[in-house]
Ligand code: CP
Ligand code: NVA
């Protein structure tokens, strides 16, 4: 069987995705009960980070250790990748030594090129275009708090960035309606919007997007790599701050999510993360559990060697 990769939400079937988030909750329960579960003994995950990370690095590294394996942090600064060794050559070499590779990168093409040359599964730990691992955690978190998200309305407020693009894919895979409120010129991928059809609506007014919504999400206004646009973006995005006044128009049982890190006072009001309807800390924790489910799914168990 050819090797599976997880570069986007569209790489898995809806049934596989639902299975992963269920399994994430099961693995969370095992850990909560102190049960040792080490199916990936002797397995090694390589983690290439071209951008900074707290949650993604920690959750993959801790996750591999908890599953009985190991993770190796690879910075382009300290590897030949940073000195121009081609992606394809690096993929051929690394995938002969590792059991899976996670990559956080700028250009999404880096992921597709690496995957095309890799013998082992490649996982997207965030690119300029997509952040599918975060969506697994978000979907697990919604499911744990409210049950199935199918048929619900989700509002994305702010930048049509990598997270927003992954929400467009998730809307198709998990069967929910998505409303995106963003300033003109900051829309998500036109290709993904065309693919999603009437499942996703783009609008300017955040109040219209939030009206009756069951889940409201946002993210920073300047993503990694856009630091020099920060001042211009702060001014332009000001009307898109998510705060209690905006959320007053949402459904009574609305949940608020933010993939973090957050900039309090910018895309969210100072106190928002600590409100009862905010599930941002659970969302962050679930990165660990659902990515363990992903690793379990993608990486062959070590006992195949026995
Ligand atoms: N949400 C997220 O991916 O966080 P990090 O940038 O800390 O990995
Ligand atoms: N959109 C943000 C997400 C960080 C997890 C970024 O790309 O920087």
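Every residue, even glycine, has its Cβ placed from backbone N, Cα and C.
Keep in mind that TrEMBL annotations are predicted by a computer and have not been checked by a curator.
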For the L-ornithine site that TrEMBL assigns to 219, 223, 224, which of 124, 162, 286 is also named?
162
Per TrEMBL, what member of 23, 31, 104, 233 joins 53, 54, 55, 56, 80, 131, 132, 133, 134, 259, 260, 287 in binding carbamoyl phosphate at one site?
104
Distance between residue 287 (carbamoyl phosphate binding site) and residue 219 (L-ornithine binding site) at the Cα atoms, whole Å?
16
Could you pull the average pLDDT for the domain 'Aspartate/ornithine carbamoyltransferase carbamoyl-P binding' (4-144)?
98
Out of 53, 80, 162, 223, which of the binding-site residues has the smallest number of neighbouring Cβ atoms within 10 Å?
80
Can you tell which of 55, 287 has the least company, meaning the fewest other C-beta atoms within 10 angstroms of its C-beta, among these binding-site residues?
55
53, 80, 223, 224, 259: which of these binding-site residues put a Cβ within less than 6 Å of any ligand 2 atom?
223, 224, 259
